[in-house]
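Report on one structure; see the data block that follows.
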Amino acid sequence: DDWLALKPQEPSPSQCCGSGCKPCIYDVYEKELAQWERAKAKQDKSLLVEKKDQSNNSELNPDTFTAFNISSVEQLTEDTYQYKFELPGNSSLRLSLGQHIVLRGVVNGLEVQRAYTPISPGNAEGYFEVLMKHGELLMLASGTGLAPMLPILRSITEDEEDETFVTLVGCFRTFDKIYLKPLLQDLARYWNIRIFYVLSQETSLEKLPWSYRENTHTGRLGEDLMKTIVNSCRRRPFVLICGSSAFSEDMSRYLKAAGIEENSCFVF
């Protein structure tokens, strides 16, 4: 059981940016899997810790990832941020003109990697900078109000350059009334998509499949739960609402209590 817990997890297709990165997230997985298999065969967990040459920590290696600290984050526009990373001493990335780097991190529990071209001068010493654009949507759907949300979700997940974070909250009476479960589960595998369910007529989560329990709430979507969801977003989201007129009115009221103004909402 200990060895299985240490086994690298195979990436899902949604975790690959499709840009031909070297290394690709699948290349890294194959390397880590081979390392795990060697360590398991020898029953030596110390082999899982790759020894690195600290003197070359500032040099990028096309075969592996190197950890760098973020020294500052500056918001340039509503959804664009400038990240500054530290380099040891007065070292430099030494990139060729137009060459990009691949950044890797964990978002919503998924390992994600994306290619970026540094905006800092090529001879910058001790640091490098990149621009990242992050939008955020909060979708509130009741019953068939889910329908207009799906084309938007698909357009985001099918665009490799779109890094919009999306939180979809689907409100249904019971678990059996949730529409398009396979499609929603597939969308939830994307690194930038979160999906929650609120079931008004379910009293317990015990009868639900394990894969749904963590992201499902029983009862109605009220003011307190709305505040929790809004506060879990990385920044103030733009909100899309679709459902009955009573549902839309309630959601608008709860959002206002959570600090979301009317001009940040769109009602279908």
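Using N, Cα and C of the backbone, Cβ positions are placed for all residues, glycine too.
Annotated in TrEMBL:
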BINDING   Arg114, Tyr116, Leu131, Lys133  FAD binding site
DOMAIN    63-178  domain 'FAD-binding FR-type'
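Least crowded of the binding-site residues (Arg114, Lys133), judged by neighbouring Cβ atoms within 10 Å of its own Cβ: Lys133. Across the domain 'FAD-binding FR-type' (63-178), DSSP assigns 16 helix, 49 strand, 51 coil. Sequence-distant neighbours of Tyr116 (FAD binding site) (same chain, 6+ residues apart, CB-CB distance under 8 A): His100, Ile101, Val102, Leu103, Val130, Leu131, Met132.
Restricting the average to the domain 'FAD-binding FR-type' (63-178) gives a pLDDT of 84. Surrounding the centroid of the Cβ atoms of Arg114, Tyr116, Leu131, Lys133, where the record places FAD, the chain contributes additional residues within 8 Å, namely Val130, Met132, Glu163. Counting Cβ atoms from all protein chains shown, Leu131 (FAD binding site) has 14 others lying within 10 Å of its own Cβ.
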